[in-house]
Amino acid sequence: MTTNTVTLQTAHIVSLGDIEEAKASIKPFIRRTPLIKSMYLSQSITKGNVFLKLENMQFTGSFKFRGASNKINHLTDEQKEKGIIAASAGNHAQGVALTAKLLGIDATIVMPETAPQAKQQATKGYGAKVILKGKNFNETRLYMEELAKENGMTIVHPYDDKFVMAGQGTIGLEILDDIWNVNTVIVPVGGGGLIAGIATALKSFNPSIHIIGVQSENVHGMAESFYKRDLTEHRVDSTIADGCDVKVPGEQTYEVVKHLVDEFILVTEEEIEHAMKDLMQRAKIITEGAGALPTAAILSGKINNKWLEDKNVVALVSGGNVDLTRVSGVIEHGLNIADTSKGVVG
């Protein structure tokens with residue numbers, strides 16, 4: 001079965017047409033993020049041409065703003081009038097809050113009681129009402145669903161939604177605009193909305209593009225589902241890639257991923273830290289753990305070199321919302337192992 005046939009099979013979930021419509025819908029809101037070449041990853045590590053897609057420079061510091069703005073922009077006037085609600089402790093919260101502010105919609109964000117103060121304040125700064133409820137995300141989500149039902153508010157899901165996936169897929173269109181002959185694209189994965197959208201965009205134009213998902217060894221529900229060919233949960237511990245800390249992937253995103261993604265790479269916590277440090281040190285890029293996953297996969301040597309050598313490769317830096325205390329810890333840890341670390345990016 002060809003990939004073109006498969007993209008038709010998954011079109012009922014999200015299609016190239018949906019992504020092209022999203023591109024027009026969110027153009028007034030988003031920033032077209034830069035694509036820069038990493039000379040070190042290209043010349044010294046892969047012998048290919050490796051480019052970094054900098055979604056850490058997106059408004060709110062994350063790709064999540066794309067999907068949130070597309071979803072909210074497609075709501076009916078009645079839905080907008082009743083307000084929107086989301087459960088999130090991170091990037092999705094800020095994407096929803098900023099979009100609501102720009103469109104003049106009331107937004108409520110329910111966060112776990114343990115949500116970092118910095119993220120609470122950032123979300124409030126965009127004008128959203130923040131409610132702290134629940135000792136874990138599941139409790140937070142359940143409370144959010146109760147509030148939505150009681151008040152008739154529309155839930156904005158962080159990944160398992162057609163419009164959200166389409167919004168994230170606009171990154172794929174930008175990649176093709178910049179490098180029409182791209183061969184390999186490496187994407188961080190949590191719930192799967194990002195890679196589902198990007199894979200749909202890329203494979204619709206060129207089925208031979210090799211798409212690699214990257215997850216932490218500690219949390220990789222989508223990778224587990226992909227290889228077992230069944231929706232599966234996986235979480236053995238927390239991860240520094242907290243933006244991808246999703247135990248069970250989305251049902252819709254999984255359906256797209258299982259058809260359009262080619263493989264998954266799992267990286268260790270230490271490999272993620274190394275990538276964060278190297279991106280800061282050599283490329284002057286501040287990234288959160290999730291945003292460093294693709295670079296970690298390249299530096300780890302776990303990707304078959306046939307997808308890298310003499311190839312045009314894009315590694316997505318998905319976001320840069322990282323606490324300064326975590327940045328400090330990564331730098332300190334990096335200095336402690338400097339004698340044995342050889343990876344640099346630039």
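Keep in mind that glycine also has a Cβ here, set from the backbone N, Cα and C atoms.
Not measured: the values here are computed from a predicted model.
Residues or ranges marked as AMP binding site by Swiss-Prot on the basis of similarity to another entry: F59, T60, Q94, G125, Y126, N321. Its Cβ placed at the centre, T60 (AMP binding site) has 27 other Cβ atoms within 10 Å. Look at T60 (AMP binding site): DSSP puts it in a helix.
A sphere of 10 angstroms centred on the C-beta of K64 (N6-(pyridoxal phosphate)lysine) encloses 31 other C-beta atoms. The N6-(pyridoxal phosphate)lysine annotation in Swiss-Prot covers K64.
On the backbone, the CA of Q94 (AMP binding site) and the CA of K64 (N6-(pyridoxal phosphate)lysine) stand 8 Å apart. Site extent for AMP: among the recorded binding residues F59, T60, Q94, G125, Y126, N321, the largest C-alpha separation is 15 Å.
For the binding-site residues Q94, N321, the greatest number of Cβ atoms within 10 Å around a candidate Cβ is found at Q94. K64 (N6-(pyridoxal phosphate)lysine) sits 17 Å from G125 (AMP binding site), taking the Cα positions as reference.
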